[in-house]
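> Here it is, the structure, as structure tokens.
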């Protein structure tokens, strides 16, 4: 009973311990063997070397290559399509290949089993041709890398032919860049004489040629033409891309007009006549603009003219001209000098000629030092040409290019502030008066946009004039008011960029003190509306200003917080609305005049 009673009570079987998998079901790791890929390749290479499991023979010109289909298909899109795409070769043990060389195929198969390829200038064309044909992109890229590293004056044009043959864009661009840098050296090579016409024209017409005087380019082109008598008929097609007007007159007389190739071709004679006319009539050079008169440069430089240190002990102003070679540069260097020192002049650019007018040749705090001089700077020849003087002396005025003419607006001189506007015609080398401003104005800023001339701020007759915006219509010869700026400012900067007109910096007066204006705003002519953007970090009035690749550079000027001239160069990105890292001008000057100019990349004539 006791036993039966005991057996009828509840009993529990021993608890089964949970498995390791149950307790750690969430634990999962993936491991990789670092040397597996290398070992796999080595194993496949060993099978090939020992003749094991080989299932295909590729033949080229009676030379046979044994391989594994799976290896070829894994490496090459061409073989993958052949062996898996239902082609008849998929079931063939021996396949004859067309379109590749035996040497090229050998390198390709060796690469498939080793991931390595040995290249030299003798075999690379065969290897590259095979890699392109068999669609083995890694080998194509290795060949491109090798050819870029092997590029030299001697090999450049041959590599360029390969780039063209196999449609390798990146390699072609590298060849072009190298050729532009070393064109004259390459032109002395024998390969240059075999250059196709279209490639020669491509280089001669480009602005990217560096360190090349036009007379040397002409000699290279003539050498190419004289290599084959049949090319003489194409002389004008080639020489039309030589910029004869940029040569020195003596070069035209002594080295160009004496050659039969120039005298026998009617168009070549026209090119020569064009060049002589360009030199004889400098004031009409604007009417003769063509691709042959353009400076060989594809990047504009910031060029800064003159300025004053505002020292009490010395009234001298600077005659130095500095350049910032390109937008990415960090340092200015001296470019040339003006005939006389000048500050607070007007500067404008027409057809890449820089006009510098008015200003002062001695430091004055008022308009007493205003001058009427006007000069034109030719960056190609690094020469100054004195032009007809302004009708009125002007300082702290605006000089603006619009419609092929120059407009000098307002300013001041010994007699006081001015409302007059002068218009300069380069062809006639003369100034005449246009419609005057509504009121006397100096210390204003100006810019051209959409066929109109705009001036803003400055000292007028009332406090409101410091915010005023006036618009000049050259067709109607009339000034009209537009929406005023949000901030009053004088001695500020103004320029057009991407359909907007920016007003930057300057100062404002309060009782007997002056304050920096840090606010920046832009005007949209179609909307007649101003919009504020990120302010400047430091004050700059009486500063130079120009636009390079959508960035505004404000150069030097006067800082009223420091009560001194400054050498800072602030850079504003119009696309991102951000101020970038500051630059530093070589001098601390106010009254600098700035312009964006294409400077020749060669030292010829400089």
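A Cβ is built for glycine as well, from the same backbone N, Cα and C atoms used for every other residue.
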> Where does Swiss-Prot put phosphoserine, among 206, 255, 430, 541?
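Checked Swiss-Prot: the phosphoserine annotation sits on 430.
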> Looking at 1-20, 21-40, which one is region 'Disordered' according to Swiss-Prot?
1-20
> Under 8 Å Cβ to Cβ from residue 430 (phosphoserine), same chain, six or more residues apart: give me those in sequence order, or none if nothing qualifies.
388, 424
> Using DSSP, what is the helix/strand/coil residue split across the repeat 'Kelch 1' (301-352)?
0 helix, 23 strand, 29 coil
> Hey, does DSSP put residue 430 (phosphoserine) in a helix, a strand, or just coil?
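Its secondary structure by DSSP: strand.
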